[in-house]
Amino acid sequence: MSKVSNGGGDSKNTLYCSFCGKSQHEVRKLIAGPTVFICDECVELCMDIIREENKSSMVKSREGVPTPQEIMAVLDDYVIGQKDAKRVLSVAVHNHYKRLAHQSKNSDIELAKSNILLVGPTGCGKTYLAQTLARIIDVPFIMADATTLTQAGYVGEDVENIILKLLQAADYNVERAQRGIVYIDEVDKISRKSDNPSITRDVSGEGVQQALLKIMEGTVASVPPQGGRKHPQQEFLQVDTTNILFICGGAFAGLDRIISARGEKTSIGFGATVKSVDERRIGEVFKELEPEDLLKFGLIPEFVGRLPVIATLEDLDVDALVQILTEPKNALVKQYQRLFDMENVELVFHDDALRAIANKAVERKTGARGLRSIMEKILLDTMFELPTLEGVREVVISGDVVDGSARPLYIYAERQDEKGNVSA
């Protein structure tokens, strides 16, 4: 029979969680087994792990290959809008599964992979789409930051480190790693720094693009299991990158002006009406993206050629940001409501408050990424005061609170005095 301890007792008899090492005084509950103890926090963590496992199994169809609709349905639960980008990713991941299944059959037709480029303004959900994909697929998946990469032999991360991380995600199972998916973020930051490549060696721009070419196309990479620079004597693992799907993403600041300039040249005549880039939303401009625009931006032709599928994401308007605040399973409002619920307080946002928060994010041009910092600033004083206040049962946030012209409204629970009179 397990015993539950609520703390108390002298220090000699203090019990500790066998998993995290916290004492019974640091946690709310400590559950005793025959020889071990586990605290309520570790139980919560175990439940989260099991929930994640259940999510992964949800997207498998009976044949073992999730359909594009199944993948998109899960993406819809977490990512608002960006329908076109989600369709592209869903089809790409589905085809990746099918190609892997096809590899095991003897066939004279070789299925080539189609790497993907995601283009969209900052804060529109490129990275979040990749993070959500990582949770729902059952092949090794890693995210790499292009800004940390340098050409081999220079200070920084080698391109081979990407394959090493994938190998680690596959628990050093080479077969599984060779069937994985790699997301390279901030790929726009490795654009060529100058139109004249002979001026100076561009080790973090064009040099990285050149280094990425082979592993994206398909090559056998020699990967040091412990990192090559610190352990030069170790044996190398051979990883074939032919079947690894690469997804690249970037904000490509300034690309909209390159696209618009091309459009202005082609739209000449008495009936031509051309909106300037300032009059159009960036996402609208990105829909007209052509490979030649990426070349002018600074990507080399060979690199653009390795990314045959281009998906553009739209910038988020006020309505979309309000949806992001409230609708996804792990929406920001739900997260803060859960935090307040731990203090037994209900957090309520008025509709005008949500729109005011969304408007601020649009003004800052930070997209969904800026929502959390705005929420933190609004709720900071409340979160500071709340643990020491007694009787608060509800906190109400209105549009005036977001604008800074009012304080959050605290609603207290009714209390009875000794004579039975009720007071707020």
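Cβ coordinates come from backbone N, Cα and C, glycine included.
Quick look at what Swiss-Prot annotates:
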type	residues	note
BINDING	Cys17, Cys20, Cys39, Cys42	Zn(2+) binding site
BINDING	Pro121, Thr122, Gly123, Cys124, Gly125, Lys126, Thr127, Tyr128	ATP binding site
DOMAIN	5-58	domain 'ClpX-type ZB'
Averaged pLDDT score, the domain 'ClpX-type ZB' (5-58): 78
Cys42 (Zn(2+) binding site) in three-state DSSP notation: helix
Env. residues of Zn(2+) site, Cβ within 8 Å of mean position of Cys17, Cys20, Cys39, Cys42 Cβ: Ser18, Phe19, Gly21, Lys22, Val27, Leu30, Phe37, Ile38, Asp40, Glu41, Val43
Chain-internal residues, separated by at least six, CB under 8 A from Cys39 (Zn(2+) binding site): Cys17, Phe19, Cys20, Lys22, Gln24, Val27, Arg28, Lys29, Leu30, Ile31
Cys20 (Zn(2+) binding site): tally of other CB atoms within 10 A of its CB: 13
Nearest-integer angstrom distance between the alpha carbons (Cα) of Gly123 (ATP binding site) and Cys42 (Zn(2+) binding site): 33
Between Cys42 (Zn(2+) binding site) and Cys124 (ATP binding site): CA-CA distance (Å): 34
Length of the line joining the Cα atoms of Gly125 (ATP binding site) and Cys42 (Zn(2+) binding site), in Å: 31
